[in-house]
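J.: Take this structure first; my questions come after.
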Amino acid sequence: MPNTVDIAARDRAYDGFFKMDVFTLRFELFRGGMSPEIEREVLIGNQSICCLPYDPLRDEVVLVEQFRAAAYAAGEEHPWMLEAPAGFIEPGEEKNEAAKREVGEETGCTVTELDYGGPLYSSQGAFSERTNLFIGKTSTDGVGGIHGIAREGENIRVSVFPFDEAIALFNAGKIQSAFGALPLLWLWRHRERLLREWGAP
Amino acid sequence: MPDPAPFNRRDVELVAKETPFRRYFQLDIYFLRHPLFQGGMSPILQREVFERGQSACCLPYDPARDEVVLIEQFRPGALAADDPRPWLIEAPAGIVETGETPDAVVRREVQEEAGCTVTDLEFVMDLYPSPGATSERVAMYIGRTVTQGIGGIHGLDHEAEDIRVFTQPFEEAIRLVDAGQGQTAAGAILLLWLAQHRDALRAKWT
């Protein structure tokens with residue numbers, strides 16, 4: 001199996017909130033030998049997390065809704081997206097801590113346990129971001145309202161949904177963000193196990 | 001459930017847009033204000049967007065054999081993430097150019113990347129893979145195929161594609177996702193969606 005990459009150059013072509021690197025490289029081929037030299041532009045994103053708060057006693061999830069500039073740029077008619085809390089892991093932070101922190105900041109929920117679905121590349125052709133997928137055990141009692149860190153321009157509406165209603169919204173095409181689709185499908189698949197593990201008071 | 005936010009893109013005030021990076025890809029900075037849930041408008045926000053446009057992704061599935069077709073290829077995103085082996089296992093995908101339809105693109109990409117003919121397409125969703133960073137939108141499908149004789153090395157030489165194609169029993173593929181080894185968001189979503197709809201799809205396609 002190929003495993004060799006020869007990097008002739010790696011140039012930082014843009015350095016703003018995001019970074020863009022241009023790689024000049026050759027990679028090993030399955031058919032043998034090395035590829036010709038190619039140039040590939042990659043958006044550099046830190047590792048991120050996505051964590052869906054789930055109350056196993058009420059069988060409810062917490063979703064956030066917020067304006068997404070990238071959806072606006074894509075021409076979306078309604079560029080506010082329903083999704084699970086998500087964000088970048090800060091330097092020195094563990095992914096589990098990041099999941100609990102983001103859920104707290106965006107929803108006011110306290111997460112007491114985490115179920116982990118692994119790191120998943122968002123857009124591996126040209127973006128280095130890996131999202132670490134979590135379900136977070138929480139209580140939805142009293143959860144809701146408008147949250148977000150105003151100085152970061154966050155304006156987040158927090159809503160509690162019965163799980164069945166949330167998965168029906170997904171199946172009706174109302175949840176388009178990977179940060180909504182992934183954890184809802186994961187929870188659909190692993191809900192019985194999580195109810196067993198987390199359901200008993 | 002709450003009503004959707006009662007505003008749309010026409011309520012967003014685009015103050016300025018700059019393009020500080022443009023080569024093969026493009027990165028734009030949007031300066032904009034948008035309505036707030038509590039009323040009023042946000043201050044002018046600066047948001048960087050990696051402009052990617054429309055793409056399409058399809059997991060080929062043989063309903064009779066209960067097998068999927070997956071591909072493995074070198075991925076620059078994984079290299080930049082310092083992945084020890086930046087080759088990823090995923091579903092075939094491609095960029096939808098202006099004038100093309102997503103379903104035509106996935107049929108072509110599945111053929112080029114996996115040597116596989118898709119006879120029916122089941123639409124799964126329009127996916128924003130990372131809406132905090134990129135405008136990429138992916139039309140996601142399960143494609144009906146026959147996996148007999150599928151496999152080997154594929155890809156277009158002039159696009160420097162070098163792709164290993166293999167078939168896998170569905171149960172084996174979903175076990176990897178369950179174990180946290182799904183590798184890509186699009187691949188994991190398609191396998192989890194197939195788990196949810198597999199009985200209905202097999203009834204429809206066999």
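From the backbone N, Cα and C atoms, a Cβ is placed for every residue, glycine too.
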J.: The Mg(2+) site in TrEMBL includes B:A93, B:E109, B:E113. Which of B:E48, B:E159, B:E161, B:E171 is also listed there?
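T.: Record source TrEMBL; matching candidate: B:E161.
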J.: Where does B:E113 (Mg(2+) binding site) sit in the DSSP three-state scheme?
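T.: Assignment for B:E113 (Mg(2+) binding site) reads helix.
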J.: Which Cβ among the binding-site residues (B:E109, B:E113, B:E161) has the fewest C-beta neighbours inside 10 Å?
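T.: It is B:E161 that, of the binding-site residues B:E109, B:E113, B:E161, has the fewest other Cβ atoms within 10 Å.
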J.: As a test of reading the model: what is the averaged pLDDT for the domain 'Nudix hydrolase' (B:51-190)?
T.: 96
